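Below you'll find the structure, written out as structure tokens, and then a few comments.
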């Protein structure tokens, strides 16, 4: 079994690129990493830990575990409209298997590369498999998308489709193992909406990523903004194949209360809808209006559904919907 | 048992201080925290995870566990000469007991307050008790103390005393439980040398914190600096009471190879020794010369001692010396 130094050196040391504008003044290998934040920007930071058997199935493919651990943290940057810059990883493993680590690092570093995120630090420990990821991004302080900017009369819209995370989990639990299956990919290889979040700067008044389920996350947005919401009864963007997988009622429940979708839920003034759709369309991302915000607090229009959402210390410790919506 | 939202709200939400210069533009409660780094400074970041039964005894006092989890990360900032600004905490707990959490947060937030560190984010998960802490500090880019600046002919010196971490662990294993015992306090309530690190800016040529044991950490410093070291046979600053606890030979072994001391090991030119001692004396910190650096690589002068140090994935999973010296 490789030693810890070897684990870091072999799988997670990315050679610095000469002249790269990655803001890393002193990389891995010293007591700290030294970073050079961009002048005039604010630093957006968030941390999430993914635990085997809680946030993902222990026997999920290592590549997916690596990808997913980073993706759920990057999704928080997406929801601020921030551009990702750096991340740190805290890796706890029961053992250090070469094959597993090679795939895991491929998933993690692959997403780093595709999103312009530089891994600048980390540590490894022995224990039940868990991955803690701290992400750091940058955003214009005047434009950052918070949860608190929504106003009554504005539209409520979501990127992409809903329910795919819960649908993929259900398929996994039934034995589906093909990562090319769109729903399984949605659950195990979520794509954080980074470009969409940045494209919505100046248009959206508030944003949150959907990790705990639409209703739960909408509740957070409404609470922080001091508004309520009226959800439309029709026209929801259910993930493709969700009805086949879960049935009609199950699909709608998954869209409302399932976690792990990692889409963006935003508010915006009606006059900005066309421009927002145009910008997102150029990224291949749909934007669907699912309701509007009201002066009266509370969420209405989905009377048959209880206000769900996943909270740890109450869950059963089984793989289930995500758990990202804590302190950032 | 309180829910996760309640855990964060009840124990870790520090009310923002109006007009405080903490650089927090948007605090806990959104997707990310927004921070305002100081112009002209570099950001120094590091992450460390402390796992029950690996890095600290599971039955250690909760206050000590909270303090210690932050202290070991802050020690990395100290070794760069950085001023701590912010931290994020990833907390994994088997259960959320009110009494335990109250003490834990007291230890963690108490050290935050004493060191000027603001907790700006975190998440909580159910699982084997583990605490991941990401620290962020600031340092003048021209003055930061790296491991790579030492040159031959320079002196090798340590702050404070050595062996106290290993001595405290030995006492704990023998049943000592009084946190007022100086050695036990050294092990369970280490005090990161933040002021000393900043005071050494411009004087020390290289620095590292002693977490894996003096010899192991000296090895890192020498490797990064491309030098060797000749250790003096006498005059080592052993922690008070160490000889009584471990015997003469055991005490010297603890000083050389024991982990968890969290002192600074530095190199400096002989002409700067007086000024360095003067600055540290004003902080109540001693600086002891224990050797000098040589052009010839390798560590000499302690022939009876093997080059020790703690590495995970090779350890036995029992509480043992710290594990901080990975990627930052």
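Keep in mind that glycine also has a Cβ here, set from the backbone N, Cα and C atoms.
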Further Mg(2+) 3 ligand in TrEMBL, beside A:31, A:76, within candidate set A:180, A:209, A:212: A:209
Cα proximity to residue A:122 (ATP binding site), best match among binding-site residues A:46, A:55, A:209: A:46
Site extent for ATP, whole Å (max Cα pair distance, A:122, A:123, A:147, A:211): 32
Pairwise CA distance, residue A:211 (ATP binding site) versus residue A:123 (Mg(2+) 1 binding site), rounded so that it is a whole Å: 26
Helix, strand or coil at residue A:76 (Mg(2+) 4 binding site) [DSSP, three-state]: helix
Tertiary neighbours of residue A:123 (Mg(2+) 1 binding site) (same chain, Cβ under 8 Å, six or more apart): A:90, A:91
Binding-site residues satisfying Cβ distance under 8 Å to any chain B Cβ, from A:31, A:46, A:76, A:122, A:212: A:31, A:46, A:76, A:122
